[in-house]
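Let me begin by presenting the structure, written as structure tokens, before commenting on it.
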Amino acid sequence: MFQLLAGVRMNSTGRPRAKIILLYALLIAFNIGAWLCALAAFRDHPVLLGTALLAYGLGLRHAVDADHLAAIDNVTRKLMQDGRRPITAGLWFSLGHSSVVVLASVLIAVMATTLQERLDAFHEVGSVIGTLASALFLFAIAAINLVILRSAYRAFRRVRRGGIYVEEDFDLLFGNRGFLARIFRPLFRFITRSWHMYPLGMLFALGFDTATEVALLGISTMEASRGVPIWSILVFPALFTAGMALIDTIDSILMCGAYAWAYAKPVRKLYYNMTITFVSAIVALIVGGIETLGLLADKFMLKGVFWNAVGALNENFCQLGFVIIGIFTVCWVVSIVVYRLRRYDDSEVRA
């Protein structure tokens with residue numbers, strides 16, 4: 001953990017470190033504040049405190065959904081290649097994602113009875129929009145990663161043989177060469193700041209596909225029908241947002257640390273990207289494929305062992321998210337071990 005955070009604060013000004021400390025302080029304060037509101041609202045209703053704990057747990061769980069992590073980790077690496085420190089990428093993504101859920105919760109609380117039929121109709125359209133936006137984005141990420149992987153592998157081989165390190169070869173995606181680079185450059189040109197993840201998070205949330213989001217909406221509907229005041233019901237989405245923002249922010253900070261270590265030296269940068277870029281492409285393809293197949297199975301009512309397995313994977317994105325965290329962590333650790341055992345740092349690089 002400390003090595004990762006050290007990687008984020010590479011410059012001597014101390015600003016990244018101060019920003020991380022401030023970010024954690026704000027998130028902790030937000031989490032504490034949300035719980036204080038819950039205690040104040042439900043102090044005479046211990047059952048509702050249990051429901052509040054459930055909403056918070058839903059946020060913590062939803063933060064590690066596979067589509068969240070794949071989008072955050074890949075965009076973090078892209079912004080790191082642009083020379084930025086996107087430690088708030090995960091925060092902005094989660095805020096965009098949760099804002100849709102919060103808005104829906106408010107609408108449901110206001111119109112608990114009349115909105116239910118409309119919610120079903122919106123789910124039909126929203127699920128298609130949200131899933132397609134998520135899957136297409138991840139497929140584009142996978143294609144871009146494969147372009148970067150090809151460029152990094154060629155540059156690494158040349159440098160190891162005593163050749164000259166050419167930065168433009170590594171950054172093929174952002175140069176003027178390459179067919180896929182020209183196709184997908186507009187997509188990544190849009191995301192040039194951490195806050196650009198906010199609208200992307202909103203797109204990912206439109207479908208209300210996951211059990212966590214549906215459960216939170218169900219909680220809002222249930223409590224509204226019981227006569228719980230609107231401001232008290234808002235505690236549930238606030239807790240959901242607090243939990244999700246905390247975990248997604250931690251993820252982007254950890255990824256910044258891993259990528260910062262890799263970019264300290266040209267050879268290290270090339271070697272690391274050959275390993276982590278390959279994993280990123282595979283993860284993006286798998287997650288995007290699962291989402292697309294799940295959408296096809298749902299809309300065309302496809303049955304069978306294969307489609308049942310696809311449905312199970314879509315219903316358990318949380319578990320898949322933990323697998324992704326493990327894959328990225330193991331890949332990063334193994335790349336460091338192999339890199340040091342082979343003494344790649346001792347390679348002379350001619351720029």
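Backbone N, Cα and C atoms are what each Cβ position is placed from, and that goes for glycine too.
Remember, it's a predicted structure, so these values are computed and weren't measured experimentally.
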Checking Swiss-Prot: are W92 and I233 on the same side of the membrane? no
Just to be sure I understand, if DSSP states are collapsed into helix, strand and coil, how many residues of the topological domain 'Periplasmic' (291-316) fall in each? 20 helix, 0 strand, 6 coil
Counting Cβ pairs under 8 Å that sit 6 or more residues apart, are there three or more between the transmembrane segment (270-290) and the transmembrane segment (52-72)? yes
PLDDT averaged over the residues of the topological domain 'Cytoplasmic' (1-19): 50
What does DSSP give as the helix, strand and coil breakdown of the topological domain 'Periplasmic' (41-51)? 7 helix, 0 strand, 4 coil
